[in-house]
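Reviewing the structure listed below.
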Amino acid sequence: MKPLNTISLNYTILLIFCAPNLFCLKAPANGTGEAALVAQSSDRGGTCKSMVESNGYDCEEHWVITKDGYVLNVLRIPLGRFVGCRKARNRPPVLLQHGMLLDARSWMLLPPKRSLPFNLADNGYDVWLVNSRGTEYSEGHTSLNNYDPAYWNWSWDELVAYDLPATFQYVYNQTGQKLHFVGHSQGTLMVMAAMSRDQLLNMLRSAALLCPIAYLRHTTSLLSRFITDNFIAEALHSLGLYKFDLNDLITMRTLKIICRIPSVDCSNMFTPYTGQNCCIKRSKTEIFLDHQPQPTAMKNVIHMCQMVRRGTLTMYDYNDCDENIKHYGQPTPPAYNMTCIPNDLPIFLSYGGADALSDVNDVKLLLDCLRHHDPGKIVVQCIESYAHADYLMAEKAKEDVYDPLIAFLNKLP
């Protein structure tokens with residue numbers, strides 16, 4: 001049952017202005033134990049059964065507990081589907097980290113022969129897919145209920161400080177090998193922030209950055225600009241709204257009905273947020289709406305807005321010197337310095353010329369920070385026609401992005 005103080009915007013306004021449905025949270029009397037939350041999530045049938053095993057692949061479900069108590073669901077595809085792909089010995093692990101407002105299923109919106117996780121498995125890799133805190137299959141916490149405001153007191157700083165180290169360590173312990181990392185959007189921000197602080201490098205073999213997010217000053221995303229310029233997230237957070245959630249059941253049902261109208265091309269619904277995607281079929285949009293979008297913390301949205309507004313890459317700014325000193329020991333939030341990313345780390349970086357979120361000008365700022373990178377250790381790819389969602393849903397994403405990425409991984413020692 002949803003809290004009584006729920007704000008649900010009229011769906012017509014949502015379509016016109018791309019404004020989100022945002023829910024205020026009330027803390028229940030008691031928290032929910034870790035074991036119960038794990039059992040509750042497992043009882044849903046899960047992604048393993050519905051999207052992996054149904055396509056002929058083995059799948060394992062794992063649970064990772066962060067130092068701050070969040071219970072993360074992690075999927076493992078240990079083997080390829082075909083006989084020649086089913087040798088399990090010494091398969092290099094690859095960790096896939098999804099972006100903001102998505103979960104691990106966003107990697108599997110295309111058919112198996114064209115999806116990145118399955119292609120990696122068929123090419124001899126041990127594939128791990130993370131569901132970030134707060135998403136449908138990672139709602140658990142050892143002491144907090146997900147209707148508790150304290151549950152949503154985090155931004156991507158905490159994903160860098162807690163979620164990423166916990167999942168890295170878990171996969172490393174399970175496999176005994178360093179990881180290849182593949183991130184999309186916010187997933188790239190997480191790993192770059194960690195690398196810039198000399199974290200995880202002892203467990204990291206390479207990093208693939210799809211639609212890299214480091215700087216956001218030049219974003220042309222209409223939705224992002226609207227929320228940022230009007231301080232929407234800050235205002236709602238000050239009113240006690242701690243969860244940012246587009247996935248209201250009623251509005252999603254309405255959207256699915258609208259998208260079945262023959263004259264409506266719902267593949268364009270992403271444009272105000274991602275930019276004009278070139279190559280997404282209508283059927284993929286319907287699949288997307290079956291599983292996405294996912295919630296995130298309002299504080300995380302505010303953090304992103306700070307990046308857009310200021311053009312900087314720092315930790316969350318509490319906009320109060322005393323609060324910043326309390327958290328950081330200084331009046332301003334510490335910066336993440338992209339020039340500190342090790343110059344000898346193998347990197348595959350791919351961005352789209354039509355991407356409104358990972359704008360070309362901001363990617364160039366990132367590349368300038370990497371200008372001293374060993375040229376033999378970095379591959380940079382620009383696909384002029386691609387926008388943000390094409391990297392997950394474009395009909396030719398396999399040929400355009402995934403095949404070159406796998407070729408890059410295959411060449412590494």
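Just so it is clear, glycine is given a Cβ too, placed from its N, Cα and C backbone atoms.
Among the features that TrEMBL reports, signal peptide is placed at 1-24. Feature annotation from TrEMBL assigns domain 'Partial AB-hydrolase lipase' to 50-108. Residues or ranges marked as active site, nucleophile in TrEMBL: S185. The active site, charge relay system annotation in TrEMBL covers D355, H388.
Recorded features from TrEMBL, shown on the structure.
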{"residue": "S185", "record": "active site, nucleophile", "Cβ neighbours (10 Å)": "27"}
{"residue": "D355", "record": "active site, charge relay system", "Cβ neighbours (10 Å)": "29"}
{"residue": "H388", "record": "active site, charge relay system", "Cβ neighbours (10 Å)": "25"}
Give me the CA-CA distance between the residue listed as 'active site, nucleophile' and D355 (active site, charge relay system), in Å, as a whole number.
11
Just the number: how many Å between the Cα atoms of H388 (active site, charge relay system) and D355 (active site, charge relay system)?
5
When pLDDT is averaged across the domain 'Partial AB-hydrolase lipase' (50-108), the result is 92
Could you tell me which three-state DSSP class H388 (active site, charge relay system) falls into?
coil
